[in-house]
Amino acid sequence: MAAPWEDVLRDETAVQEAARVAVDAALLAGVLMRTEGEPNASDVVNYAPFTLLPSAVPSALFEQAYAVQQDFNLLVDAISQNKEFLERTLASTIKVDDFTARLFRIYMQVLEEGLAQSVFLGINRSDYMFDCGVDGTPALKQIEINTIAASFGGLTSRTVAVHGQVLKVLGKSKEASRLLPNNPSKGLALGIVKAWELYGSPSAVVMFLVEEVQRNIFDQRCVENELWNRNIRVIRRRFRDVFEKGSLDDARRLYMDGQEVAVVYYREGYVPKNYDQQNWEARLLLERSRAVKCPDIATQLAGTKKVQQELSQPGTLEKLLPGRAEAVARIRATFAGLYSLDVGEEGDKIAAMAITDPDRFVLKPQREGGGNNLYGEELRQVLEKIRDSPERTSYILMDKIKPQPAMNYLLRAHSPLQVSECISELGIFGVYVRQGKEMVMNEATGHLLRTKAIEHADGGVAAGVAVLDTPYLV
């Protein structure tokens, strides 16, 4: 899967010059993050980390990833509406994983009260790697699907121009012209716009629910500005603000500071450290409201690793997507091997197999946000410790994907310029809107390529490991 830059990588002078151009181009284009030292201030910013050169991606696998995204949108939506499936699938997990259990309790409480929400908005990102199996032919294999706070749709919209500029400086204008346009932030915003319109209150606002520490604010602003450009008011609030100032009226309309909220777009709330008791109460208030939540709590639960593992069981997809045999086949073709560690003979066998041969597998907890998975010796140690405990059911086991590495430079502020052996992960953004039982929007709205040095097993851009990239189709 070599991209046509081998000559460049050997030319140190050209690389140095291209790196200087690349950094300035990134700053000009707005590929920005706040700094670790001042994560809530925009008067000191730097460029978000990115690759010097676009990375090669097999065009057939790229097209396959796009082609299956609408199927995944339908699947996530179907799971979110299937109480029996969520209850059965998460039964063992919620006994041992307090975070998933608390989300599940809110889910059940809201269902018992009766859903006030009638419009549903999903913004997903399905992430893949290119697995070079025994024969070396790359295959598209899904790592996970993110159903809450899927990030970098904004910054990746701006990275293409940077890589185009770099290629031109290196005398590769023809290759630069082949980079695909990509604007996920616009597609994500159009989903929010559609949900806002269907909510049906022209004076209501869209609320971005944001973290206390907001290093990645510019990524969010890309989506936010698309809404302002359509004269839709946006407010940014934290869980703390919702707890202190949020309220519901008799019709369960949500109000913040006296303003009616049509859509709540979560960029927060996906890991346990996002919650204290007040924040859990705020989450419950939001879930009880009529506002369109992106995601609602059922959709967040649909993105758990335990659900991912259950989907790989024979017959499960057919039950969730009846009469859609082609969609089922497209989805199943992307699955890597997934194994349950539930208590019982089968789970015992799987755990023993992973302890014996830990380099074959990845151990995944029910967490989002990158940097949580366990590999190799660490995987073996953890599994040995919990093999006879119900705690093991809070994890799933997955075959380790083995992609073909390629050489590239990873540009990070205050880091030396050095070539690295790298692997990439492709994410496809999907957006859907459902009103009642009717799907009114279902689209793939752009892509995100992230690349990291091979010595890092796990972690994304926000976790400080991967960097932004642009696919160069080969």
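Cβ coordinates come from backbone N, Cα and C, glycine included.
Nobody curates TrEMBL annotations by hand; they come from automatic prediction.
Per TrEMBL, these features apply:
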BINDING   Arg125, 148-151, 214-216, Gln220, 267-270, Arg450, 461-462  substrate binding site
BINDING   Glu144, Lys305, 364-373, Tyr375, 398-401, Glu425, Lys452, Asp458  ATP binding site
BINDING   Glu144, Asn146, Glu368  Mg(2+) binding site
DOMAIN    204-302  domain 'Glutathione synthase substrate-binding'
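Features recorded in TrEMBL, as mapped to the structure shown.
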residue: Arg125; record: substrate binding site; Cβ contacts under 8 Å, 6 or more apart: Ile145, Asn146, Ala150, Gly153, Gly427, Ile428, Phe429, Gly430, Leu448
residue: Glu144; record: ATP binding site; Cβ contacts under 8 Å, 6 or more apart: Ser126, Asp127, Gly303, Lys305, Gln308, Lys364
residue: Gln220; record: substrate binding site; Cβ contacts under 8 Å, 6 or more apart: Gly154, Phe208, Val210, Gln214, Arg267
residue: Glu268; record: substrate binding site; Cβ contacts under 8 Å, 6 or more apart: Ala149, Leu209, Val210, Glu211, Arg238, Phe239, Asn274
residue: Pro365; record: ATP binding site; Cβ contacts under 8 Å, 6 or more apart: Asp97, Lys305, Asn372, Asn373, Ser394, Tyr395
residue: Glu368; record: ATP binding site; Cβ contacts under 8 Å, 6 or more apart: Asn146, Ile148, Ala149, Tyr270, Val271, Gly303
residue: Val461; record: substrate binding site; Cβ contacts under 8 Å, 6 or more apart: Ala48, Pro49, Ser151, Phe152, Arg450, Val467, Leu468
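In this structure, the CA atom of Tyr375 (ATP binding site) is 28 Å away from the CA atom of Arg215 (substrate binding site).
Highest Cβ count within 10 Å among the binding-site residues Tyr270, Tyr375: Tyr270. In the domain 'Glutathione synthase substrate-binding' (204-302), the DSSP tally of helix, strand and coil residues is 40 helix, 26 strand, 33 coil.
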